[in-house]
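Marked as transmembrane segment by TrEMBL: B:12-32, B:38-56, B:63-83, B:89-111, B:123-141, B:161-181, B:217-235, B:247-264, B:271-288, B:294-313.
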Amino acid sequence: METVLELSGVTRCFGPVEVLHGIDLGLRAGEVHALIGENGAGKSTIMKILGGYLAPTEGQVLLDGSPAAFSSGPEAEARGVVVIHQEFNLAPDLTVADNIFLGREMTRGWRLDHAAMRRAAGDLLEELDTRIDPRARIRDLSVPDRQMVEIAKALSRNARVLIMDEPSAALTHREVDALYAQVDRLRAEGVALMFCSHRLDEVARLADRITVLRDGSVVSRATRGEMTEDQMATAMVGRELTDFFPPKDTLTGNVLLEVQDLSVPGAVDDASLTLHRGEVLGIAGLVGAGRTELAEAIAGLRPGSTGRMTVSGEAVPLADVRAAGRAGIAYLTEDRKEAGLLLTKPLTENLTLAALDRFGFRIDRAAEARAMDDATREFDIRAASPDMPAGALSGGNQQKLLLAKTMLTEPQIVLIDEPTRGIDVGTKRQIYAFIRRLAAEGHGIIVISSELPEVIGLADRVLVMRQGRIAGEVEGDVITEEGIVRLAMGVGADHHDAEHKNREPA
Amino acid sequence: MRRIDFHLLGPLIALIALIIIGALLNPAFLAPANLSNVLARSAFIGLIAVGMTFVITQGGLDLSVGSMAAFIAGITIMAMNALVPITGVNWGTIIIGMMVAMAGGLAAGLFNGALITRARIEPFIVTLGTMGIYRSLVTWLSDGGTLSLDSGLRTLYRPVYFSGIGWITWPIITFAIVAILGEWMMRHTRFGRHVEAIGSNDRVARYSAVDVEGVRLASYVLLGGLVGLATILYVPRLGSASGSTGVLWELEAIAAVIIGGTMLKGGTGRVWGTVVGVLILSMIDNILNLADLVSPYLNGAIQGVIIVLAVVLQREKRATDNR
């Protein structure tokens, strides 16, 4: 098969630091190419170079065999190279159809042909097996729907090369299936595809060719079937990954948190749960089952929630985040960038924001600096300087900073929502070990995760949510994917659906 | 490799350049009498702009401060005049008047803040509304004319604006103290840190258990209090208030904040920058009046250019940040 887009000996420096060392890489027509590696391995930089957003310091980008110096993303797009970024590139106040045809509007004379654009957008979305209304505003769409619009937009541009950064990270299992079907269809049509993903099962399912990056160099190449998921993980981190999950060896103590009939309007109905000292309680369920809403309600972040809640027997008022904080409840959001960290502020200011009252009326900067030093060591935060903005950290280090920030409030009960979303394998392991250590120290931990292996590997007990209710509980050795999926899908779910869910937890 | 950060120091360099230009154009510029005059006039806008820095940094805006000052000046004068038959012409009456001004400012700030944080209406809309309300009320109270302070009280009250320690008059001293306190609050207290956090991302602040609505409310009350303080110093200057008192003060205050390097979208506040911004604006005015190089009527145009330039500089800074 012919190579459409190629990197030849590409090196890239940021200032004095070389982050890519002589990369050779070819995207072929009708082939899906997966680029995998830990956070900071250079995946994003490669994608940006391929998509024309960055120029290589040395080496060349070749399109159809001849040097192509794209000066910008739009220029690359005009020549058939389209990148779908993780941060969506959509105008929130325009409609779906407007967005898909933004910059290439269909016209009739000098007027916009809204009807034709709506029809064409509708056809594209139908091909993607979604029910998104072309007239809907992006603002009103869920994250997965926005992702589908991004894909539809790329398809409408007749891409010859389609590059996707973590395309399934925000999708539910049904949409993931539609995405895979589209990938298969595009491959059959001769499009050259590339994606990067932290989900190795996805890589095994989709990729015809796999390139593994580590520290800015290609360390391994394989074609379909040549590499198991274990081998991919090993190649990425450069060491054997044994004992991925720490042993569940904590002794469970007395009841720490008791929640009775907690309801959040429109999201959670009459949820009750207990959490013990030293326990890791998992909450599983499909996206939209009310898991995040339940956790946020426990942390006092959901106005209008009703029910009863006690911590160590003391009643805690609901919908009052400061009262929950005083009772020792802390919540680690799944939305690091929008609700977790101030991306433009220095690391230190982020670290101490939730616990600022511990640093005196006149903020003690020296104490803050010490806290930052301690956190850097304890959580292994890899940062150039404590004064750098939090947004410049890699995803894994942002998550560690968020953990450090939460733990600085010295909570007894820690609710962690999607602890490892978008994080590389090595950092995942550190975070799992950390969660276990917190439990061993006598904290009560609630972990919400869409990745079933994570829930199963971490939790002593798992609550499964379905449509806003707690559908059931599994404990001990009976925590299996099957047990959880049955509860998550409802007992009457047909076998195919259940198996499907098994493969692709949303 | 440590380059001079022109974004940070730009306003300061501009101010120094202005002082040098002023001194070269007219030696009278640096005379104590002139400096005293310039600084004292800056004090009103300056006090308000310090409060405005907090409001803008937390992501808000207050357009009502000019009308608020006029309204407070109006009720303060009316209250003192009404008290003259009861308490007489003495400092007691003036102190009660000052308390009225302070209370009026705090109440007006609380009103703006409550509408914004409790009723959840956009700050622009709320303060556009109250701007009209206060302006109209003072015009109504003065019946379209001027409210004048009792002449005996005026004589007694005058020194509050016109005297002080040597040529450094009370308004200058007050402004300096408030500016130092404000800078300290922004940089070294929890309140300041929370204001910046809310302005950069209020959701992150809320998830970090910061009392977002409380801090926002407090910033408007603080601003209201400073408007009250500015009015206390303004009333003895003319001894009167009318429908045209404090017109466009809100825009001058906002302009000073922006020139000083605080971003209009919030998140980063620099009180010392605001002080520099206020001084730049009033010195341009003063220099144009002293030198006949350019018509003083072009003052607004030059100030406009400076405001736009300041924002352009901010934009360049952001582009470097994203690299």
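Cβ coordinates come from backbone N, Cα and C, glycine included.
Since we're looking at a predicted model, the values are computed, not measured.
The highest tally of CB pairs under 8 A with the transmembrane segment (B:247-264), across B:38-56, B:63-83, B:294-313, is held by B:38-56. The transmembrane segment (B:38-56) and the transmembrane segment (B:161-181) are in contact, since at least 3 Cβ pairs between them lie under 8 Å (pairs 6 or more apart in sequence). The stretches the transmembrane segment (B:63-83) and the transmembrane segment (B:294-313) are not in mutual contact, being linked by fewer than three Cβ pairs under 8 Å (pairs 6 or more apart in sequence). Taking every listed stretch (B:89-111, B:123-141, B:271-288, B:294-313) in turn, the largest tally of C-beta pairs under 8 A with the transmembrane segment (B:161-181) is reached by B:271-288.
Most Cβ pairs within less than 8 Å of the transmembrane segment (B:217-235), among stretches B:89-111, B:123-141, B:294-313, belong to B:89-111. Residues 55, 60-64, 66-68, 70-71, 73-75, 78, 108, 111-112, 115-116, 147, 241-243, 245, 250 of the same chain lie 6+ residues outside the transmembrane segment (B:123-141) yet bring a C-beta within less than 8 angstroms of a C-beta in it.
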